[in-house]
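Here is what TrEMBL says about this protein:
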{"type": "TRANSMEM", "residues": "26-48", "note": "transmembrane segment"}
{"type": "TRANSMEM", "residues": "60-78", "note": "transmembrane segment"}
{"type": "TRANSMEM", "residues": "106-126", "note": "transmembrane segment"}
{"type": "TRANSMEM", "residues": "146-166", "note": "transmembrane segment"}
{"type": "TRANSMEM", "residues": "190-212", "note": "transmembrane segment"}
{"type": "TRANSMEM", "residues": "233-261", "note": "transmembrane segment"}
{"type": "TRANSMEM", "residues": "273-296", "note": "transmembrane segment"}
Amino acid sequence: MTSNSSTCASQVQVDHLTSTNYRLSATLALIAVLLTFILSITAVTYMSKKSIFQSATRRILIFNILFANLHQVMYAIFSKDMLFKGIYKVDEPCDWLVSERDCVPYTVLLYTGITGMILSQTGVLIERAYATFHPQNSSRIRSNLAVLLIIVVLPLSIYSYPVILLNDPLDGFILTCFIPAAHSAHRANMFLFICLVVTILNFVASVALKWYNKKLEYSYRFILDKRFKQRQAIESTLVICDVTLSQFITSLIYSLGVFILRMYIGIIPLSTFYSLVVWVYTVPYTACLLPLILLIRMASMKMKRKRKIQDTITPSNKFEEHFSGLKKLWDGNKEFEE
């Protein structure tokens, strides 16, 4: 088969897609993709029927879940194609590469999912911070804020990859649509750096917000009116913070790990780059953690509320034992005096 060498996969690329390392990483990531679909349906159904979240928070969370699933769909399509080539088209490396121009619409969707997940996390933290520091404002104002945040996040997410491709001739061929166009490498690195900065800011904001809400929860424990009025707001904020904190590690590995690998791509062997990048591309796991942690925390909050109600209705055994001990001590003192 005769073909221009620029459209044929190199031996390093062939070795990469046929390696156990790639197949294992792709299989694990695809399992995370499948779990994301199942958990997302469960989480959205749970939030729609009965949820600790206020409507504004719920809207942004569902929006975030949509971004996560968009990424997972595109990841599954690309991974399936690469696994197929590595198993069934090993002897046809000149059919492996795809043009950068043909990849654009698919890569736009992939980057929309990545950017949307990160910015939606920022958006929901902003909404929770507003609810924390302005609890007296009506739910309508918070709903309007949620809509505004969604309106801002959506175009920023959609245009993230088109901005990376500005003035790119798109005249090259790449192994998969995961990979940004070659002439846009610098802007792709800048995108990763921005993701890294936003990820760290989200982490710092979630830690600060969780600390402040824990402090509020403690200060309200003896003020019954405020305690019950603010309970839902505090609980939902703590859940959001826990989701952000749980996603921090995987988001950091992706943004920092891929950024470092791309910065040193001219120094390290290409085979090493391919072997490592499949493991530091942790976005599928970040997407999976979103509905998973939401479900775990919503279930734990539900159990916590049930225990509180039960404790209110039924006196605890410890209280009864303590009261009985005091009574015996009192009776013993009376006998001694007599």
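Going from the start of the chain as shown, residues are counted 1 onward.
Even glycines carry a Cβ here, placed using N, Cα and C.
TrEMBL annotations: computationally assigned, not manually curated.
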List, by number or range, the same-chain residues at least 6 past the transmembrane segment (233-261) whose CB is under 8 A from its CB atoms?
52-54, 57, 118, 121, 124-125, 128, 131-132, 135, 189, 192-193, 195-196, 199-200, 202-203, 205-207, 209-210, 213-214, 216-217, 220, 268, 273, 276-277, 280-283, 285-286, 289-290, 293-294, 297-298, 301
Considering the transmembrane segment (60-78), which listed stretch of 26-48, 106-126, 146-166, 273-296 counts the most C-beta pairs under 8 Å:
106-126
For the transmembrane segment (26-48): best-contacting stretch of 106-126, 146-166, 273-296, by Cβ pairs under 8 Å:
273-296
By Cβ distance under 8 Å, which residues at least 6 away from the ends of the transmembrane segment (273-296) in the same chain are close to it?
12-13, 16, 19, 21-22, 25-26, 29-30, 32-33, 35-36, 39-40, 42-43, 46-47, 61, 64-65, 68-69, 71-72, 75, 113-114, 117, 178, 239, 242-243, 246-247, 250-251, 253-254, 257-258, 261, 265
